[in-house]
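A.B. asks: Here's a structure for you.
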Amino acid sequence: MSLSTLFSPNTYNINSKSQTLNNLPSNPTSQTNTLWSNNAYNPPHLMFGSTDLSNGGGGGGQKGEKGDKGETGSNGLKGETGSNGLKGETGSGDKGDKGDSGTDGLKGQAGTDGLKGQAGTDGLKGDSGTDGLKGQTGNDGLKGQAGNDGIKGDKGEPGNDGLKGQTGTQGIKGDPGAKGDPGTSVVLSSGIWTPSVTFSTIFTGITPSTSIYSRIGNIVTFSIFTNATIPANMASGIIYFTVPVASSDFNGNNVIGTASITGNSTGVVQYGILTATASTAGIVLSMKIQASTSISVAIYATGQYFIPPG
């Protein structure tokens, strides 16, 4: 309660006694005031006892028992704010009981959502960046493995025969050709003969057998067969044979054929050639056969020679 309320004309109940406080002094703390003479510095609301305040009051009686807690009164009107009073001495009264907890207040309604702000303007477009440096050329990739050969396709079916073309018109008969010059005659002959031996060295037991020849124009082809015996480790041997057809153009420097022995012979041919004699038309066999002992051999000689025209 404020001081202005305390010192306004009001009626207070003190120990079931009523007293109207009127015309209170402006300075209730003065010690010369009769009303406060026995209770200096103690406002009336702190005094206790059964003495009627109108008779001056007696001394304070004994402190009675603490009464029951009264019901909470309604709030009085708020008085005007008085001037600050002097600070009282600290009281030593007992601490009052803790009041009941008040009920929770009602929850306020949710406020409405605020308005959405306007969209900002678009920012300025930045400058284009400079082109990056060109990268180095990469290494060549590894060469791939060769692919497998493809499977050969099936053989196609034979095509149909093409259409026969139309017969062309008959051509114009050409003029008769000029008569040619008379041709030369060509000698054609062949036969068998048994060559004769006109000279020999190293070889012994020479026995020529039936041989063959053929002539086409100026060329004579021949084949001679003969048996002979050679000594062990022979040197080069020679046999002269007569020709089947005479020729006037023999030259000893010309090789006209070769010679060999049959497979049944045990010797080894080191060489065998045929040449021609210049002095007397004949076929010359020059041959060397290697053998560790004297053996008989069968010799085959083939060749060609030329017959001049005339």
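The backbone N, Cα and C atoms fix where each Cβ goes, and this holds for glycine too.
Quick caveat, the model's predicted, so the values are computed rather than measured.
According to Swiss-Prot:
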REGION    1-183  region 'Disordered'
COMPBIAS  1-41  compositional bias 'Polar residues'
COMPBIAS  92-101  compositional bias 'Basic and acidic residues'
DOMAIN    123-182  domain 'Collagen-like 2'
CARBOHYD  N227  N-linked glycosylation site
CARBOHYD  N264  N-linked glycosylation site
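Describe the structural context of these features.
C.D. replies: The helix, strand and coil residue counts that DSSP assigns across the domain 'Collagen-like 2' (123-182) are 0 helix, 0 strand, 60 coil.
Following the DSSP three-state reduction, the secondary structure of N227 (N-linked glycosylation site) is strand.
DSSP assigns N264 (N-linked glycosylation site) to coil, not to a helix or a strand.
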A.B. asks: N227, N264: which of these glycosylation sites has the sparsest Cβ neighbourhood within 10 Å?
C.D. replies: N264
A.B. asks: Distance check, please: Cα of N264 (N-linked glycosylation site) against Cα of N227 (N-linked glycosylation site), rounded to an integer number of angstrom.
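C.D. replies: Given the Cα positions, N264 (N-linked glycosylation site) is 12 Å from N227 (N-linked glycosylation site).
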